[in-house]
Each structure stands twice: as C-alpha cells, then as structure tokens.
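Below: the structure, in structure tokens.
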C-alpha cells in the first residue's frame, strides 16, 4: 500500500488519465464555441448574456448552483476535515433545508418583485447609492482575492500526481475557463456546470465505492471510524470557542451559507435567470437535495480515508505534508492501478474549480460594468458595447488569475488570508440585506453605520484570533491517529505519548472573543449590523412607513407595514406558461394618489 506509492512519488498518470482530463476540458471549451458562435444570435442582448433571456430551465440552474458552490478547495478540504476532526461537519447537509427555506421565502420574492438582476441594486433602492457602493466594493474585493485560489488548488493537485509544472497547467485551464465564459455567457456557464457536476458526482462515487470495497465493506469502515471517535455528530456542548459542535455546525452555518448562497451575485444571477418565482424556488429545492447528496458523499470520503489508514497515519509517516493533501494520496493508493480513475478524480477537482471560477467571472463582469464603467459614460451604451466590454473584463480577470498563481505558490498563508477577509465582510452583507428586508424602520444611516461597524468589529476579532494562532496561544488539535500498523509497510514510527497541542479552554481561565470558532464569524457580523443599525436608525429618524413600497420588504414582514401601503400595491401575475410577460406589476400608493388626482380633475372638468 504505502510502499508502492513511495516508489512512485508522482503516481501513475497514464495515457487514459490524460485522455479523460483532455475530454473534460474539450467539453468545456466546446460549450463556449456552441453558445458563442452557433447560438450567438441568442446572446446579443445584455440580458441574454447575463441571464439567458430569463428563460433558463430549472434543472440546469439547480445543477449549476451545486457545481459552483462546491469548489476544488471544498472537494479536497472536506474529507480532510472529517479525517482530522470527525463527522461533526456533516450537520451542514441537513441544515441546507432550513437555509433554502429562508432564501425561498425571504429573499427570492423581493428579488423578483423588484425585477432585480444585480442583487446589490436592491440596497440602493432600499437605502441609498452609498450603501450599495460600500457592499459592492467588498464583493469585488473578495472575488478578486479568492478567484486565483479556485483554479490554482486543482492545478496543484494535478502537478502533484503528474509532475507537470503547476503554472503551465494553471495557465491552460484558466484560458479554457475564460474562453467558454467569455464567448458563451451565462448559458455556457450553466450547461458546462451541468457536465462538470455530473463528473464530480461520478468520480466521488467511484472513488468511495472502490475504497469501501478494498477496506472490506461498510461495516468495517464504520467500525474503524467508531473506534477512532470519528462518528460523533451530536456534540451538544454550549461553548462558542469549541471548533465544531452541533450548534456551531447548524446555527453558524445557517448564517454563513444563507449569505453565501442567497446574497451572492453569482448565485442570485442564476436564480433570476428562470422565468418565475415558482421556477426559482423549484431550482433551489433541487439544489438542496443535490447539495445534501454531494456533501454527504464528500464527508463519507473522509471517513473512508480514515478507515483506510486507521493504524498508519500518512501524515505522521511523512508521506503527506498535511491533511488537505490526503485525498489525492488516497486516490493514487486505492484506484491508481485502474487506468483512467486518477484522471477522473483530477477532472472532478478541476470541474469544481472551473464551475466556481466561471460563475464568478460572469457575475463579476456584469457588476463591474454596471457599477464602475457605465456610470462614467465613456462610450455610448448599447447591448453590443456592453457585451464586448464584459468579455474584455472576463479576459483581463482570467489573465490576473494566471499571474496571481505565482503569488499563491509563494505565500503559503494566502488561502488563510482570503478566507479571513471573506469572513470579515460576509456578516456585514448578510446583516445589511436582512436589515433592509426584515426591519421596515431601518434607514440609510443605520444601514451604513451598521455594516461599517460590522466590518470593523469583525476585522478586530479575526485579527486578534490570527495573532493568537501565530503566537501559539490558540490551537485546535485534530483527533488522535495511530501509527501502530506502520511497521507492516517498512516504517518505524513511535506513537507520541502526549500531544503538544492545546485548546483555548485549557489555556484560558475565562472567555475571550478572539477564541470563538471561525464558523461563528458570519453570525456575529450579522448581529453587529442589527445592534448598531436599529439604534442609529431611531436616532437619525426612522424610515417613514407611509412613504415606502411594500415590494422592498420580505412578505413575512408585510404585516408590520401600514394597511394603506399593503393595500395600495396590487400585483398582477401572468400565467406561468407565459414567461415573456412581466412577472409582477407593482401598483404603488404614489401612483394611486396620482390616479385619484387625475380623476378629481376630470370630475371638475365635467
């Protein structure tokens, strides 16, 4: 087992493996050619390019959401999480039901009622342009920091199993992604995601199936995992400093994933690309089921890896540098002798990376054009010039990702920095949308100050936590592993008598805000927006509810609005089988007043 891999450090990437990988890239490039040239007439308008003319089908959108939410980093890190810390992370799977329920009945109706294509436009309509600019800037900054990671991590895995220069493969794959995203628009992104999503599921399933078979069946896998304390799911500890508990994995992830899925432009852009609210909700429920299946399979992969090496930890032996590299090691070990299987796995990791990267490139181009180029009137706006400009932005962003690969390779902590920055702003974004949709009295001052304090406060907390980690004052040790069986493979490793790791509880006599689990960051950031935004709104003059439009608030809080506002907005909904019509026509109190005034003038005239 271990011995065979040490004799071949670059694995056994065969002609069949390369062929599988090339086919996957060819399908992706082919989608760009098809939608860019053969379907080019249907991509002439900006709405077609960014939203597919709002005629996208439910199933492709659902699969696209699944594929884009599972990046290559997730494919490799989730099994590592299970191997090192046990099954507690799996709680996120059933939690997705609550997350989709919240998105479907709080956020989606607001986006459709306001005909939103850019989700941050809502913040301008609800509060002010300054609020929108602040949140849009945080989105663009986060995407540009994390985009190079999405595709470089899979490139690194490819380089490890083939010996290919990581920057060469990173450049090739980035160019393919830019090519089909730039030419085909949202349609190419979505349909390529469908193929890549199927590749991800098939490869994960095959690797797990072969692994379970070689270990001796499901009973043996679970027996070994239970003996190693890897199956604990319901840790009900009420301690915010514990890395993962039931409450952390459930409540914390509700705030984290609701903001990431429901309030991220790349996701919202696909939600509103279907004909109606009903279609959007259906797509999200399909996504929910698919996400649970893929995440559960990914988590189970980590359990299988632990069962495989339960008596000889590859990390302690020195065959694997860290837990994040366990999955490629496991694949080469278990299915490396099956020609084509390592290629399927690498295609899986790259499919996840390409899906995430293409979705973000497409939405990023739309955001930058609408918010940072079009307002300056540098040229006459038309659908043709808008599409050309967005294609240019995608090209430049792709070249940036290739160059930034050099930085990602040199600085080992770049991923930690990106995740930290994302955590700084995620809570503020979640909080400001919830404040706008769920608290009618909030005004622009409360929104701006609340989000600003959230970003500053989370920056302070996370900076303190990172300092504690680097200074050795804070650490989260993994569950113990064994090396007792390593002698069978020619390794002489001594099991340490005690661990040098320590937890926050062991070192601190009291609670410290810097020690809270990273999963709580979005929750804390969200509550900071409300804790500051509500009082500031009252102190600066709350929003006059008689001058608001009900469509700017979630239907779940319409009962808080004055009756005249609720009754003044009439919705005329077309039949579902006529998607080309306007989905909802809003008849506001202001328009009602103008109509009454006109009728009065007519009566006097008569």
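Keep in mind that glycine also has a Cβ here, set from the backbone N, Cα and C atoms.
Note: TrEMBL annotation is automatic and uncurated.
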In TrEMBL, which of 318-343, 344-369 is labelled transmembrane segment?
344-369
Looking at 414-439, 492-517, which one does TrEMBL call transmembrane segment?
414-439
Transmembrane segment per TrEMBL - which of 58-77, 218-237:
58-77
For the transmembrane segment (446-469), distant same-chain residues with Cβ under 8 A (at least six beyond the ends):
123, 126-128, 130-131, 134-135, 138, 416, 420, 423-425, 427-429, 431-432, 435-436, 475, 513-516, 518, 521, 524-526, 528-538, 540
Tell me whether the transmembrane segment (58-77) sits in contact with the transmembrane segment (168-186), defined here as at least 3 Cβ pairs under 8 Å among residues 6 or more apart in sequence.
no
If we skip the immediate neighbours and take only residues 6+ beyond the ends of the transmembrane segment (245-263), which ones have a Cβ under 8 Å from one of its Cβ atoms?
65, 69, 88-92, 95-96, 98-99, 102-103, 107-108, 119, 233-239, 426-427, 429-430, 433, 517, 519-523, 526
Cβ-Cβ under 8 Å with the transmembrane segment (134-156): same-chain residues at least 6 beyond its ends:
71-73, 76, 120, 123, 166-167, 169-170, 173-174, 177, 264-265, 346, 349-350, 352-354, 356-357, 360-361, 364, 367-368, 371, 397, 400-401, 404-405, 407-409, 414-415, 417-418, 421-422, 425, 428-429, 432, 448, 451-452, 455
Are there three or more C-beta pairs under 8 angstroms joining the transmembrane segment (518-539) and the transmembrane segment (344-369), sequence spacing 6 or more?
no
What residues in the same chain, six or more past the boundaries of the transmembrane segment (18-37), come closer than 8 Å to it by Cβ-Cβ distance?
43, 158, 172-173, 176-177, 179-185, 187-188, 191-192, 195-196, 199, 340, 343-344, 346-347, 350-351, 354
